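Here is what Swiss-Prot records for this protein:
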type	residues	note
DOMAIN	9-227	domain 'ABC transporter'
BINDING	Gly41, Pro42, Ser43, Gly44, Val45, Gly46, Lys47, Ser48	ATP binding site
Amino acid sequence: MPATNLVGLDLVGIGHRYRDTTVLHDIDLTVEPGEFVSFLGPSGVGKSTLLRIIAGLEQPTHGVVESTGGTSGGTMSRMMFQEDRLLPWRNVLDNVQLGTRHQRERALELLYDVGLAGREKDWPSELSGGQRQRVALARALLHQPDVLLLDEPFGALDAITRVAMQQLLERVLAEQPRTVLLVTHDVEEALVLSDRVLLLTDQGITRDLRIPHARPRHRGDAQLAAWKEELLDGLLQADNALSSL
């Protein structure tokens, strides 16, 4: 996707209620075209709900989501979840092409990009958890989304596979820039991947940390370590506040 066609987002007054429970409180947020933004926060504050609202899978109780930049053809987003959601009765290539037509060559290119060249005829049951998530990433990218929405996509993976997937995502985005929103419980993951890290609590967005470091980032960097401690402290305070309600 050419840099000039990148899409940004404006969230204005987004609020959401489930019956008598409010999970999002008047969220105002501007995401610049091509920006990578991560959301941290305690469970139950609406992080995944916010992604679903941006994707159009849920409607906010109030507020609007608007796109900025790009072309006039509308904004298309794709979500990638913690569960790979592959169809077990379809092979790898068919899973990548799901919902599209005449995309075989592009699907094969993406499987190469994610390190699964030659595995297109395999069944999901023949793949490891990390490999299945690679297929899910290729499937999301095949649709060439303006906005890639990642809901804890690596949360179920072991530590080594998680780092490998983070590095893969970095490489793919370096070659195919796009706007990305990530929900994660892994503070280090957010700091390594993101341009901005937002702390979402029951009070709304209480921290907006901008990371000026170039990528790839060294995980032992002293400044990243200091930010990690700061964010962990904020998460602990937010979790304690929720527990006391």
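Cβ coordinates are placed from backbone N, Cα and C, and glycine is handled just like the others.
Cβ neighbours of Lys47 (ATP binding site) (same chain, under 8 Å, six or more residues apart in sequence): Phe39, Leu40, Gly41, Val183, Leu200.
There are 20 other CB atoms within 10 A of the CB of Ser48 (ATP binding site), with all protein chains counted.
Most Cβ neighbours within 10 Å among the binding-site residues Gly41, Pro42, Gly44: this distinction goes to Gly41. Those residues of the chain, other than Gly41, Pro42, Ser43, Gly44, Val45, Gly46, Lys47, Ser48, with a C-beta within 8 angstroms of the mean position of the ATP site C-beta atoms are Val23, Thr49, Leu200. The average pLDDT for the domain 'ABC transporter' (9-227) in the predicted structure is 91. Counting only residues at least six positions away in the same chain, the Cβ atoms of His16, Val23, Leu24, Leu200 sit under 8 Å from the Cβ of Gly46 (ATP binding site). When the binding-site residues Ser43, Val45 are scored by other C-beta atoms within 10 Å, Val45 scores highest.
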